[in-house]
């Protein structure tokens, strides 16, 4: 079977059709091959009848296959289609026998019409059932591709919505922080404005991308952390220790920002109880770890942030993101994504 690069196109190669037709022709003529009193030309004529019929019935049954449409119910074994195929096969065999009788009048084809019709019925039924089997396999593949595409599109939409929810909330807090800094005539106000501008420019540039380099993500993260430090001061600290080998890897945009935001959302951040966040390499993973000091009154949360990131990695690499939690720390391990992962998207 040959399926083109456009997976919607179902084809059976001509080589398969012709080779199987010749094989069927030989197989159907075995009774005559075993006969002692038969000429070579008569045997070849008998084989050619079965072979010609097999070729014609192959193409007829392929032509009669239903067209797959996305969203439509998959084609099933249709009794009407089978009955139509058998009836057409009976007519095709009758025409072939009459044609051979006219071309080779010295052989008595018409006197064995019933035998040829029975042979054609068996050949037709065999080809129809085999074709139906491989066609159903093809349809199953198409449905799987459609489901994966729908799942990926849905995941991208959820991830985009999550990014849109984070930035407005963060902007509101940042503007409040800036207002306080200006009122206190903080000398870092100008730098805060520059970093806020850099952060949002970077966010806009990467918003529509599926993957960005880890180096770009870390650059955006540093601007994000600067803004958080202006808000929480020494109540939060971030250390980054990524190996040089991982700097050329890729990551879904906003992943580290979302994980840091998740740390802040669920943990106490204060001068008395600083929140320490560590981002580092660990083998084939990028790890985001924080000390666990949960808020007594947790903020309202849908829990979609971590779930969405996990599904995103599963979709990209077929590898699970790992979450490890104990009484002292919370750790998220992100699989390292390489250039081939970016190409698949």
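All residue numbers here begin at 1 and follow the chain in the order shown.
Any Cβ shown, glycine's included, is placed from N, Cα and C.
Taken verbatim from TrEMBL:
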- 12-31: transmembrane segment (TRANSMEM)
- 43-62: transmembrane segment (TRANSMEM)
- 82-104: transmembrane segment (TRANSMEM)
- 116-135: transmembrane segment (TRANSMEM)
- 157-234: domain 'Signal transduction histidine kinase internal region' (DOMAIN)
Tertiary contacts of the transmembrane segment (116-135) (same chain, 6+ residues out, Cβ under 8 Å): 1, 10, 12, 20, 24, 28, 49-50, 53-54, 57-58, 61-62, 65, 75, 77, 82, 85-86, 89-90, 92-94, 96-97, 109
Overall pLDDT for the domain 'Signal transduction histidine kinase internal region' (157-234), taken as the rounded mean: 73
